[in-house]
């Protein structure tokens, strides 16, 4: 290097890694920063562009100014580290805890309650200023209680969210990482953060890859790319460029993936945020999440309730002015009516209902990180599911065998209980099992004797482990077989030879050897001049070649990984003690005898086909999005029902009819498999057309950026999208989705952090349970809100008549609080435990634009019908008690000014009796207590009718024990508040005569009968006028 000349350290294209610019002291304009951030995000959404995999070794050496044997010098490495910074990922921006707490305290529904509290304090302030020492403190108490409700509920919600975050923290496994680099010709172990661009790095089996590396030499190297690309099989690595796409070529190994076996040496071409994994992490943390459907619904509800409150408040403000009240009284009335419209207990009810459902879902293996995600899952209309580990078992398993010219099916179920079998008595099976068990480098880890064979941990790659377990279950213990047939020589599998060979001593003749081989079927078949049939050896013929070709195509077409097996009994001159040379090959490698084929696949989970079928019944579109090969993806999609029977792709139809694909009638095609390379060049409109035109879709060989584009496409079409995934490659899509679902067992930390929900058992079927719970809580929240809002009318109307008719106040502020935060709370929450009215998984997902949590019909039913009957019940009781005490209803009109006059102690009733101020107030508070009890009694009927929206109560039954407890609780609480000594002082509640409890009972019966008749008409005339106007 020339003195003073900077070393060239740039990687091309999208992964360009430039030296860090010096920090400027001047303040940069914020607007360009925001634009730049948005532009950076758009850049990150594009495909990875690099050409390092295409360069020759000399070009690579020149580009990074590195010696391919000695590596960088220590000084050069320090210089590059200073320019580019450490090899770490920039941590995503985290939300401070105080901001999270404030969101819970001031977001959504809390804002409405805070507004109500502020108005209460304002009204109290006006009262104090106007009336001095005689000011009514009800508004002060109401303001304090509202503030307390918001703070307590906010703390509860924050605690729930923080608890989920702590569970998330427990998933992390922070292990300091080391890397082996060669600098100045010497090997040295350094911290991964100190690895720099151009470093010569060596990796071996068990290592985590420290950066994006271009391989320059490899010996049997295989890497596990499943977290990055979704491929469940380990991928072999070599120095040669095998594909234009840098993610698919075999001469690049990626940061954060694992080397499972072999060794490799290579040059670092990207570090930190510039690696493929770094780009994904940056893309994930840069994405903005939209509002959850339930947050939108609560916002809609706030707008609705605020509009009603303001309309009533303003209307009665002007009415008060017209009736001759002072503007000060009119303002206090205005505030009072607005506050009376605020359902104080509803925030706590909704929070508790969501929390109960979240706990119920956790018991069913769905851990919800955000309470609002509980309902989002119920609204889902499209599920974009990863394949590996979610739909499949995430373990390679033997699926089929072909020997004696017959294909046999193996047991691929998770518990190995289907009882599928094959002729184990065949002598050919003896040879095939022996080859699969002996020519195999996998082994069981120690101390697992009590663990079922299928679930034992192994060393070795996925395919060899699958063969090991299969032979252990179906034949003999492999360890015994290996002891009796010790291995004396071996050629490991590599991507050039495409076979593995081993030589063993024969157990029945300790002087003779047998050569065993397995590998790519066509390669193995080429070595053979004979084949086994029913244990007898026959010379190879054209019929056998045709049978082999058909079997290979059949098994390969199922998306399975097929291996061929053959053997050769070595002549007697290769006796015990012979030194086999696997480099010079001093032994025969031709004229082998072909034994058969064994194919493997990562099989579907047992419960998935049923779960996909339930999704289809529920109107949910399930799309497979995977990084795996199209043939494998399509095979799994067909086996789990994502591509259903009879719905063929254009390629299937063309093959069946033996016509070109161009001649296939597009109208008859319902399913499609889209390759990532096609998606790469697609315009948004073309993607939208595919999503709209095809019912059953599989996206294969997709990159992380493409997964994100697919999610955005579904959202553009108005879908509520759930995305499942476990790898780093899934995290951008998980973050962008309406609800991201990560895998708890196999999921990466990055995917868990990006998701809203974690499947603790990694099972797709658990999602369907979650959808059912989400739909149920939406239905039950509607019922709970309808129940809670209904009592608003009997709470508001006393205040309105107090203004209009100038009668003594029928219901006090403190009494309203006793209803909203006392008697109504447990019954409202009990509706969260209500079972579904019908099979909620048989109906279409709700339309977020039209099917709102609180709609005009619900408000109409709660306020305009049931609420009005409840108000009548309350006023009936109120007038009965006043009449019994001497005040006839007509004589009460306009009496308020005299009634509330503290100086007037001789007010006459309808019969000429005189009443002092204190006596009048005792009667007034007794009436308010009776009005309160009347609301409780009519709320019995309201709670029972809210159990169903369509079904008759006689069909639904009273199986909800929590609801029965709620009925008892509100009754006991009402009696407690009425009869316990001291309540007359603290809450102005007075004991009632027993017969006053029965005044509201006819109205309670009326509510029940009226609603049963309404539901009967709705059931008899579906879609009729009554359903359109009253079914909420």
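Positions of Cβ are set from backbone N, Cα and C atoms, glycine also.
These numbers come from a predicted model, not from an experiment.
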Swiss-Prot: matching membrane side for residue 87 and residue 908: no
Annotated stretch (transmembrane segment, per Swiss-Prot) among the listed ranges 715-737, 738-760, 853-875: 853-875
Stated Swiss-Prot location of transmembrane segment, expressed as one of 331-348, 349-366, 367-384, 385-402: 331-348
Same-chain residues near the transmembrane segment (961-979), Cβ under 8 Å, at least 6 residues beyond its ends: 818, 822-824, 826-831, 833-834, 929, 932-933, 936, 939-940, 943, 947, 987, 989-992
Among 386, 730, the most crowded of the recorded positions [Cβ within 10 Å]: 730
Feature contact check the transmembrane segment (299-318) with the transmembrane segment (812-832), CB under 8 Å, 3 or more pairs: no
Assigned element (helix, strand, coil) containing residue 730 (Mg(2+) binding site), judged by DSSP: helix
Intrachain neighbours beyond the transmembrane segment (853-875), with Cβ under 8 angstroms and 6 or more residues off its ends: 294, 297-298, 300-301, 304-305, 308, 778, 781-782, 785-786, 789-794, 797-798, 801, 810-811, 931, 934-935, 937-939, 942, 945, 999-1000, 1003-1004, 1006-1007, 1010-1011, 1029-1032
Set of same-chain residues at least 6 away whose C-beta sits under 8 angstroms from residue 726 (Mg(2+) binding site): 227, 386, 388, 389, 390, 742, 743, 746, 747, 748, 751, 762
Segment-segment contact (the transmembrane segment (331-348); the transmembrane segment (995-1015)) at 3 or more Cβ pairs under 8 Å: no
Stretch among 97-117, 299-318, 928-947, 995-1015 sharing the most Cβ pairs under 8 Å with the transmembrane segment (142-162): 97-117
